[in-house]
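Have a look at the structure below, then the notes.
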Amino acid sequence: MSGNNVQEEDSTFHVSNLYSETEIKKITQDFISEKIREQNFEEIVKYSNIRIFLSLVLIVIGTYCSIFVQYKKNPVIMIQLLVAFFVVSTTLIIFEYFFFDDVFMILRSNNGSLVKLYCRLDVKKSTLILAYKLNKNVFETSFELKRLYNENGYLMKPYAKNVVMNFLSAHGRTLKLKN
């Protein structure tokens with residue numbers, strides 16, 4: 001076994017099912033996020049924090065309702081909590097659907113607008129496309145799947161890093177760096 005294979009097997013970027021679009025996108029997005037953070041671009045996390053907060057509110061309402069409220073003794077409180085749970089759930093779903101969709105990372109551009117990075121799989125071309133929209137224009141960079149993952153499902157870091165760095169050199173000037 002060569003030293004390169006040992007390095008690959010120690011990797012946390014491993015896909016257990018090469019036919020799983022979700023898993024391929026998730027592992028690749030984790031790698032891309034890590035590389036972009038290393039380059040010190042300004043990431044916007046407040047929207048993720050809103051998602052986390054709404055999820056925690058749902059957990060608290062559900063837990064309180066199931067542990068402390070008995071329907072036979074307090075039916076009005078139970079109904080109020082269920083309505084609150086439904087309202088918060090609907091808010092979270094709407095927020096996810098309209099704002100996040102497939103977005104895995106939000107960065108700030110130099111002009112102050114948001115840059116939402118997302119990945120999509122093009123099965124016909126056998127590529128994973130890293131893209132973002134800015135001023136109604138879509139900018140894309142493609143990863144060849146056969147070069148992105150080896151036959152054992154390990155991310156080929158040198159190739160992936162090279163594509164991410166090419167993406168950042170081509171589009172990084174529009175992204176804002178941290179102060």
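Think of each number as a place in line: the chain as shown, counted from 1.
The backbone N, Cα and C atoms fix where each Cβ goes, glycine too.
Straight from Swiss-Prot, the features:
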- 1-48: topological domain 'Cytoplasmic' (TOPO_DOM)
- 70-74: topological domain 'Extracellular' (TOPO_DOM)
- 96-179: topological domain 'Cytoplasmic' (TOPO_DOM)
- 49-69: transmembrane segment (TRANSMEM)
- 75-95: transmembrane segment (TRANSMEM)
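The residues of the topological domain 'Extracellular' (70-74), classed with DSSP into helix (H, G, I), strand (E, B) and coil, number 0 helix, 0 strand, 5 coil. On the 0 to 100 pLDDT scale, the topological domain 'Cytoplasmic' (96-179) averages 88 in the predicted structure. For the topological domain 'Cytoplasmic' (96-179), the number of residues in each DSSP class (helix H, G, I; strand E, B; coil) is 27 helix, 37 strand, 20 coil.
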